[in-house]
Amino acid sequence: MAPASENLFERLSDDLVTKILDRRLWCPLDWDANKAQERVRLELVCKRFQHLVRTSRSFEWDFTLAPESQAVFLSYVLPSLADLRHLERVALYLKADESFLTFLLLLIPQALGTLKEVHLFLEDESEHYEELYVDWDIVFRLLQACVHLTILDINLWDSWVRTPSKTLTFAKPLQSFPSLHVLYLYGFAVPSTGFEQFIQSFPSLQSLELHRADSELKAAMPSSIKKVFFWGAGIAGLDLENPERAQVPESLEMLLRIVRSKCARLKECALYKLDHLFERDVANRKAFVNMPGSLQLLVDLLEPEQPFSDSTVTALLLEKLSSEPAVYQTLGRVPEHLERLVSSMIQIGESGDEESCGKLARVLQAVLYCEGVNQGLLASLPGCVQNLVAFALRQTASVYVSEIADVSFEVLASLAATSEDGRQEALATESLETLLERLRLANVPGLFEGLVDALDDNSVRVQREAVRVLVDLAESSVTDGGNDLRAIAAVPGCLEKLVELLGSEDLDAQLNAAQALRNLAIDDGLAKAIAEVPECLQTLFDLLQDEATDCEEVDVQRAAAWALYNLACDAGTRKAVAGVDGAVECLASLLDDAYQDLVEPAVALLGQLASDPEGRRSIVSVSPPCLGVLHELLSSEAATVREHAAWVFHGLAEDGELRESVARLPGIFEKLAGLLTSGSTDLAKEAVKALRNLSAGVVGRRAIAAEAGAVQKLDSLSKAGELEEVRAAAAEILRNLAGGPSVEESAARGAHGEGSGTVGLDFRGFAVEQSEIQERGVRGGGRLEEEDGRGRASADSRTKWRRSARRAPRQQLAGNRVRGTRTLTVSRTYGAQSAAFSTPMCRTAHLRSGREVRAQKAKRRDIDVALKHTLLVSALSRAACLQRL
């Protein structure tokens, strides 16, 4: 191992070290390196490096980086002119000014016998080369003296692509360049009259590039020529070795290297030259695409940090390249490329550049329809879809109608379809909502995130549009089973943003936010999550308490009330709603709303609150009292209002303490009984439920029995009601009427149904066959239990009731009502045997002796036979199914 102090470079020969150093000293296509600074730094390493750098065969100097570059050059070169005699390659980057010829005369004469390669890059920010006096005759004759010169490249970089900056004319014909193989003269043209004489000065020329001054050149080329390319309005070329690349310049690689540079002005010029090439010939597009890293370079230019002009020109280039399959295959294969395309399209679109935004959109569409693979890739990137949806909303909601909105619409249509026909169908949709609904049905991720992002946009119009679309999608999700409701609410910040929008100054935004919460609250789990959002319930009630001055404000209040109604459907959330300060008072004040639009949701929400004990007490104790208003609403012209009012009384009558207060309301039973035959199944259902609860009390039973036609209506409902629950409730009311003054009083009765204050009914004269009892039942099924000393057996039954016309004195029925149960007592003489059966509505029944039955009949002779007949039929029509005894 060598000692630590030994310089390992000392082991290398000078020729090898020089080749290593040349890799740093000669890189004419590296436009970011500080050529002069790098050269001086290498000399400062050691004396050997200084000597080798000074005698190097390569020389590069950039005069454009700083104003002092010229002075530094002179102080560096003048003391060591003799070292320049070994030069073989020279590359100078100069400003097109008077000092240009001075530097050439300082360098070139020193290496006339060794110089092989010369690159001159001239910049002129004024773009007026013709105004600059440069004797190009002297320049060419100076270079002509380099007998071994093989490559000459003079580039007037700021020259226009279509027109040359300088037309070369020579006072005397040029002498021969015997060794020159490559001649690149960008920005120069030779008139057709002198072109033949000019080209004959290069007998060994193999590759030529220059501007064409005339539309047609017929001069004969040297026999050694292999490649010719003419810049201009219409490019033309010749390539004997590869005809397909005839119109592809050899300087294409140089352009790519310049685009990679950090110099914004040079990069912009290079991009415009590439645009010119891509526009003229497909071969240039293919050649560029096949160059390693070319597409990645263009995508990188779309970064937000890049100058805006680069992004716009890059969009133009990508659009022209998108016709090449390799382009959309390559771009679609890398997720980062798709994300960059989407973000750049949005950035350019929001800046107002419709043309460039449209170009990137067309690139995206070309990428998406690459064999259907890239479409799925983009759809799997939630960030892309999210940004696209938010962008489309912003553009659609814009005051100014522009093509950018159509662009965003087209890209989303590409995601919503799997084929070109599908895309056209999606484009034919009339609105953004319809298109987003297609995305929802296609389960494209990021859709809801994009909508939620737009909820806190700076524009109220965008907020309004976003929440309106959320409302529509939530409604569609409900019809499809509600699977997407949780997905919408699961977006971070969604519920909080919706609640915040309830306080927006824009009425439409308030309305849409309330409607969105209403739709989301259909799901019980989401209802809890919404109620837990800080200030949500209070904000909704605040909206109801605001005084509405026009129909739009009423619409907001109506949506808020229905949102609270949906929230109260969940038992846990219902308590939170009822616990809001002034909640019931607020709802009570809406019952006589002048617009009548808020009456229905208010009374419906009171019906929800009446389902809980705390809510019932709040409704009854509210000041001013609202029971009278609810009572009047039973006669409302709106059927839904009557239905919800009956629902409130149904809930209030569940409470034994409040039941009698409700029953003493004047005319309550008349109105409820009238709803039984209103023709509406929903009305009948709520009315009969309210009457069922009221019939559990003494006052309620007496009032129902006294109401004209009430028993007949209940009997009819128990037999022919459309809903099972209506038939069951009507039958239960009839059994309550037959059971005694109250359920509470009958709780003290004994095993045979006889208790204090019992008014039992003896259905004298209506005997029932044992077989008919077996066939009697309810659709819900019955349960039979027998006691014969061997234990208890049970079985289910689903038989129909039929009433016998034959009298059977040995068999009797009596009906009682015990707390929590409905009891029918069926008697038959079996000697020593007795049996018992029960159903959901008939918990126990005992067979008793004929003597006991006759004794009970004697106590109840004053009962009206017709009423007992009706009650018997109604009670038995709702009893549980029996099996044969």
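Including glycine, each Cβ sits where the backbone N, Cα and C put it.
These features come from TrEMBL:
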COMPBIAS  774-799  compositional bias 'Basic and acidic residues'
COMPBIAS  800-809  compositional bias 'Basic residues'
DOMAIN    456-619  domain 'U-box'
REGION    774-814  region 'Disordered'
REPEAT    493-530  repeat 'ARM'
REPEAT    535-582  repeat 'ARM'
REPEAT    582-620  repeat 'ARM'
REPEAT    667-709  repeat 'ARM'
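Here the repeat 'ARM' (582-620) has Cβ contacts under 8 Å with residues 541, 544-545, 548, 551, 554-555, 557-558, 561-562, 564-565, 568-569, 571, 574-575, 626-627, 629-630, 633, 636, 638, 640-641, 644-645, 647-648, 650-652, 654-655, 658, 661 of the same chain, all six or more residues outside its ends.
Helix first, then strand, then coil: DSSP counts for the repeat 'ARM' (535-582) stand at 36 helix, 0 strand, 12 coil. Taken residue by residue, the repeat 'ARM' (493-530) breaks down under DSSP into 29 helix, 0 strand, 9 coil. Residues in the repeat 'ARM' (667-709) partition by DSSP class (helix H, G, I; strand E, B; coil) as 32 helix, 0 strand, 11 coil.
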